[in-house]
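Listed in Swiss-Prot:
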- G80, P81, V82, G83, T84, G85, K86, T87: GTP binding site (BINDING)
- 1-12: compositional bias 'Basic residues' (COMPBIAS)
- 13-24: compositional bias 'Basic and acidic residues' (COMPBIAS)
- 1-31: region 'Disordered' (REGION)
Amino acid sequence: MASHDHHHHHHDHEHDHEKSDGGEGKASWVGKDGKVYHSHDGLAPHSHEPIYSPGYFSRRAPPLHDRNFSERAFTVGIGGPVGTGKTALMLALCRFLRDKYSLAAVTNDIFTKEDGEFLVKNGALPEERIRAVETGGCPHAAIREDISINLGPLEELSNLFKADLLLCESGGDNLAANFSRELADYIIYIIDVSAGDKIPRKGGPGITQADLLVINKTDLAAAVGADLSVMERDSLRMRDGGPFVFAQVKHGLGVEEIVNHVMHSWEHATGKKRQ
């Protein structure tokens, strides 16, 4: 499944550069494969894949079997809508793991380098281990259709620091965005309760197919009238029983459980043992 995505990635771009049907200079055009392509701010063109269902955890794309971790370390992708706590989770994971493992991080922002600067300012990792990428207007493309903007910095950091683990934070996007398996070996999708308890049942690839769903800011539940038991029920149903964690990342609650999920997968993928 994941390798299928990858072939499409190259296939799409063969057509993109031709900009068929007189599409030169247009913001969007129809490729020879019938898909509508568009590009933003000079980023490589990409299409928006149609989504016909909320997705299924059991049918999610499996991690790649032929991954060479000496080329790029085990990569954790952290996605989710704007303001849910992605950068706070990046910081928490760095603090939890940095003393035992060699880490590096790449952040994606649409037009700024704010998230990367936040990690530097808060001492998540030494500054040289953090890269901030500006994705332009379509942040989902940088984690799915046009991942080269992230692969480059990740591979460079991995080799430079002999990394054990890489963290990649997506730009804030909608519920339909999710990481390509070509980029992320383990996918965390983070939502929060401030939008109400209906979010898990809305579904979308992030909620249903991420390896781990994190429901953050549970301390706000009472204030916004969100029922955590409803969120738990809907998360179990939407994710076919796939794992999720209630958390207050800013206060450290749930972080160790998240780390345990990540490191279990890291052990399984790399054959190494936790320190």
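Cβ atoms are placed via backbone N, Cα and C, with glycine included.
When other Cβ atoms within 10 Å of the Cβ of T87 (GTP binding site) are tallied across all protein chains shown, the result is 24. Same-chain neighbours of the GTP site beyond G80, P81, V82, G83, T84, G85, K86, T87, judged by a C-beta within 8 angstroms of the site's C-beta center, are, in sequence order, G172, I190, D192, N216.
In the structure shown, across all protein chains, G80 is the one of the binding-site residues G80, P81, G83, G85 with the greatest number of other Cβ atoms within 10 Å. A 10 Å cutoff on Cβ-Cβ distances gives T84 (GTP binding site) a total of 25 other Cβ atoms nearby, all chains included. By neighbour count, meaning other C-beta atoms within 10 Å, the densest spot among the binding-site residues V82, K86 is K86.
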